């Protein structure tokens, strides 16, 4: 048999990686719970029609579809052949594939709310941490299976939710000790107002597409692109002015107030940002909130405040989280008027940042604390009873699985990163003591069996 | 748009269900860690050839295959058409489907060990808790997506592992307070010995198939079936004698020793069971171990001790866990001589048992502990600051998202099962106190803002 391998773009997570990932996810989930969010889980597969058409044409192509079983059913032969012909034209039909893998957590959440809105208590605050799958071309940092980690509040227009999400982000990154992260904030209403004073709402898409590229291509190229998209000199000049707004949050707000003074929408967006800033401060949260009018976050989804979290400047990795307010989550599924606001954590990137900045606590990857050596039948019988007693105290403990040379057993402890070895030989058995060795510094001491239970093995 | 729905055989887990499931999984994982098992996670998709042929012909059909993307690629048209023709004959080809969804956790684990055996420390003790997918016909208690929860030790022949797995099972079900569960134990060597004295090893499959049905069809039908499978009267009589063995574990061992006295294999199996029983007792574990010679557990996989966990007799649900020793886990992937032993927990069924016996602790489904009412702008500003302080103390707290009538806010607390409401109206704001109401018994008291932080909200 050929050497086994993994599908492109997928990963095994070995124990130490799982433990580090769990440290991140546990931190985030703990804070979600503190803020009153409740866990939700949806299945990996959804009906194809639930997903198709929700992520744009490009997205549709990247959805993993599941082949129907029973394609050899003679009764369905004709329909199956027709489905094959469609597939050759790049079209999916239910006769070939009825189900597909989740592409994100937002659409399954919307589907859940639409299906259960009669039973739910609104505002419904849910969090969800599950893998998603995308048939993207794999590359460094981009996988075909990866975790999303989302929190959303639906059924509330209150801006207090936005304030809470700012606090939540701050709390999580503080707990992860990620000094220097930034919370960028903007409002889609401000972007809409800019479009408005630059020739009408229909320019919104052109303007946001161009602005989204600012980081990559620079202001001159952005101006060029805006020209190609049919914007006039004076309009481009306004946009340039907009993008040049700088200084403290207060200075930025003053400048944008002047620039958008003619737009009701603009004023509303500014007032909302002010509210979030003030209320966050008032609640005593020291959030690194930075107004960033160049923040656009995609095209059609968000309608109010938008967020993005930037990693500390020393790490070149871009955004490690983001979100914003939307108007109508479940309209797609026949349940209109369900506004909401949500945020997301980029778990893979957060992992990379913590790794690069050496911020994982040493204890995170530690499993077994104590290894009892196995030096013979009588010795191991005694050890086995003590192992059970230490486990009863909540200390992760192992007995080496067979009688073996000391150095083989030391090697096992070392490779597994076990800090304590406990050795019971024939002498120790006689005297009712054991030899406890701290493998990190080589120190050892003799301890009576009974006293072992009051030891701390940190 | 049509009402959204879920694919057949899949489930959403609403918050209270997620929390109960997490209670079970957290209990099991905590014990796995205490016993030195390390977490592993593998991707949902595996290459098709990793999975095919590992679960028998029936299993192959139940594997969910993922459709390749880009079937409309003109350059591949010919190959794709050929793949379609094969699919009509019920054959899978890489030109149609290269990947498939994990069917269990054992084969991906074997694949992982085969791919990484140079880097791993043996014995490698891993646990894995992830969903698997099977295109089974959905029915009550049988889903197309469900969680498996496995622990395995590979690279060790030591029977101490079996003893530890008995202890581990016992510890988990004790922690779940599931009084009356039973740990059935047998050995495949004893079944092989029975086959041996009934006409040779080639009868093993026939005998185990028939024995496996004993519970369902009764002894008379089993005898009939054995006859149809070509066993002689005397052999059937021996099997009947075997199946009739009853009494205490000691009585059963005595009887089986007589019956299998001619078989070396049988003696070995008996000695192994004796070892597990004795060592478990010696270590002080009060495990409800019951020898059950009718336990067979499938056909070809296991080679030594086998286990099955039965729910308390009052719950009609059958097995809630099982496992055993196998000889050669990774041979399928080109790495021979890797013996191991593993067990599995049936999470869905354990859930049903705990539900039926009302064994979930009341606190499990509880999320938010405290709801601050929102009674106006000044009031909510004060409340918001206190909310943050309580969260800082680790107490899950919410502020109602908008100013609303009291009964609307009470209703929210009630529906979400929040035990405490804290009310700050204009009077309270003036006096620097708040009104703390225990919604479970209606009791309320007035507490100063500063004193709130030393309250326990249990």
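Glycine is no exception: its Cβ is also placed from the backbone N, Cα and C atoms.
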With B:104, B:105, B:106, B:148, B:152, B:297, B:301, B:302 listed by TrEMBL as binding L-histidine, identify the candidate in B:134, B:137, B:279 belonging to that site. B:134
When a 10 Å sphere is centred on the Cβ of residue B:302 (L-histidine binding site), how many other Cβ atoms does it contain? 24
With DSSP assignments reduced to helix, strand and coil, which class does residue B:148 (L-histidine binding site) get? strand
Which whole-number mean pLDDT does the model give the domain 'Aminoacyl-transfer RNA synthetases class-II family profile' (B:1-354)? 93
State the count of C-beta atoms found within 10 angstroms of the C-beta of residue B:104 (L-histidine binding site), not counting that atom itself. 17
Please work out the number of neighbouring Cβ atoms within 10 Å of the Cβ of residue B:297 (L-histidine binding site), leaving out its own Cβ. 19
